[in-house]
Amino acid sequence: MIVVKIGGSVVCKDPTKVVENLPNYADKAVVVHGGGCLVNDLLKRMGVEPKFLTHPGGLVSRYTDLETLKVFVMAMSWINKSIVASLHALGVEALGLTGADLGVVKARRKEKVLVVDERGRQRVVDGGYVGRVVDIAVDKLRPPPLKVLSPVAVSERGELLNIDGDQLAFDVAKRLGAERLVLLSDVDGLIIGGSVVPRLTAAQAEELVKNEEVRGGMKRKLLMAAEAAKLGLEVVISNGLVDKPIDAALSGRGTHVVKG
């Protein structure tokens, strides 16, 4: 089994090549997608400026109040069904789900989170409608049909929650016992000094998180990849905009993070 995460940058630029490659993996994959760029676009069209929180360590996450949550769910639903429709056009039986459907992904709401403000001070703020995964009904995700999962979970109180897409993909892969997790974005992998780093051990990945060239979403990807690799799960960070991107990633393209 493999888990393929289609990053928001790919979703918003051109997911065609990923979707066209998925029929080769319809019987052995689970797909997770992002789409934060569409959320940002919709919010701005509504006159709402997207808000982000910086956490100790430099990780950045979206602040999701109730109004943002509504837009988030709307955007993810559009992306999800668009991918599923494209797969059906290719002859692939696919089922689009949020984590709330069938109770597939259950999460606990983060009531409070620690952030770093614009003055560099740490403080605790309301967590909004963001969750941490506590359970995944993996048997409901196994193919057939090919499942396409959006990063929306449900709490024990019946609340819809925003879940980080990369983290959800990792949690799905871990619970499925997948062999590989393929993270597809609009870059060729981890780039240090202008070149792609082809292979890393978990320990090396953890160390590189401190590198000034590693920023934003790549920092989160490396931390998660290191954790996954320690469990024996190979993580590939690769480009989803190239021809046959899944084939390419599994054949050595991108950055491969392995146990060691």
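Cβ coordinates come from backbone N, Cα and C, glycine included.
The candidate list ASN21, ASN162, ASN211 contains one residue that Swiss-Prot assigns to the substrate site with GLY35, GLY36, ARG62, namely ASN162. The substrate site is set by GLY35, GLY36, ARG62, ASN162; from the centre of their CB atoms, other residues of the chain with a CB within 8 Å are GLY8, GLY34, VAL39, THR64, PHE72, ALA75, MET76, PRO151, GLY165. Of all the binding-site residues listed here (GLY35, GLY36), it is GLY36 whose C-beta has the fewest other C-beta atoms within 10 angstroms.
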